[in-house]
Amino acid sequence: MIRLPLLKRPRRNRKSAAVRSIIQETQLCSSDLIWPIFLKDGSGIREEIKSMPGVYRWSLDMVSKELERLCTIGLKAVILFPVIDANKKEQFGSYASHPYNIVCKGIQAIKKSFPELCVISDIALDPFTTSGHDGIFHNNYVINDESVRVYGGIAVMHAEMGADIVAPSDMMDGRVKHIREQMDQMGFVNTGILSYSAKYASALYGPFRDALSSHLQSGDKRTYQMDPANVQEALLECQLDEEEGADMVMIKPAGFYLDVIVKARENTHLPVVAYQVSGEFSMIMAACLHGWLNKESVIKESLLAIKRAGATAIISYATPWVLEWLAKDALPFERSVL
């Protein structure tokens, strides 16, 4: 047998699963994951979203059953998105400020049944407006300051309902500062802010808009969401949000923007949350459903890459499956009787 005179053989550290596990640099844990939930008024609802295989719109009674199951296998956090009936939408998205909308009811119900679960509420107007824009849309433009004023009121209301963290996703200037001031004035000094700091004007949001039945009627979101070509701008947005009082920053999307996650991690001491968005998820699922990729392997790898880039936590539609896989992986090795 030929033996080369090699002093360095990196393969020695890959020779078995046990050896590989003790030197693994990045590990995916259940506490890394945040489950995004689409909530809908009604009962007995579990509607699969056609463009997002395996993802559902839920009524509160049905999602409570799923949460009970997922909490037993390690779920720590959820983020809530509302599916609003068309007859409740109008130009200004006023129903977003209604204390009995599905987000408010969802926060209250989930915190009552699962008090240890971290509940994050999305702050934006696009599910509630007829325009499909994230703010007040007038003369083909989203009005910044008036929209920010509305977000402050919504954030206070969500805090009153029991949200642990509010997450403004609108990309308006100054909204973190205004929300922090409004919540502090009302006594909600311990309610956190997860700011969508670098939210890109990506082509990957289509399935999400299908899920919410929220589509742009005119214009586009490039006047407030970020240019996919830019990274220094993302660092500026993260810096401004940190200065305004954000407790966490977010990069969205995640998989196409790993370089942004890396730089954000290098430039802030705040937690960096990454959002594996609907388009990323649906592309992976399309390949899996065609038999081209292994679902468990590719989803785990996609999330591991995001964490390796520097993400503290990851919002992913695959969270329920990943929790199951991680629970399975954690089972003890079978041992032979000595």
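Any Cβ shown, glycine's included, is placed from N, Cα and C.
Features reported for this protein in Swiss-Prot:
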- K199: active site, schiff-base intermediate with substrate (ACT_SITE)
- K252: active site, schiff-base intermediate with substrate (ACT_SITE)
- R209, K221: 5-aminolevulinate 1 binding site (BINDING)
- E237: Mg(2+) binding site (BINDING)
- S278, Y317: 5-aminolevulinate 2 binding site (BINDING)
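When the binding-site residues R209, K221, E237 are ranked by how far their Cα is from the Cα of Y317 (5-aminolevulinate 2 binding site), R209 comes first.
Considering only the recorded positions K199, E237, K252, S278, K221 (5-aminolevulinate 1 binding site) has K199 as its nearest partner by CA-CA distance.
Separation of the C-alpha atoms of S278 (5-aminolevulinate 2 binding site) and E237 (Mg(2+) binding site): 23 Å, rounded to the nearest whole number. Annotated pair E237 (Mg(2+) binding site) and K252 (active site, schiff-base intermediate with substrate), C-alpha to C-alpha distance, rounded: 13 Å. If you take the Cα of K252 (active site, schiff-base intermediate with substrate) and the Cα of R209 (5-aminolevulinate 1 binding site), they are about 15 angstrom apart, rounded to a whole number. According to its DSSP assignment, Y317 (5-aminolevulinate 2 binding site) is coil. Its own atom aside, the Cβ of K199 (active site, schiff-base intermediate with substrate) has 25 Cβ atoms within 10 angstroms in the protein chains shown. Secondary structure at K221 (5-aminolevulinate 1 binding site), as computed by DSSP, is coil. In three-state terms derived from DSSP, R209 (5-aminolevulinate 1 binding site) belongs to a helical segment.
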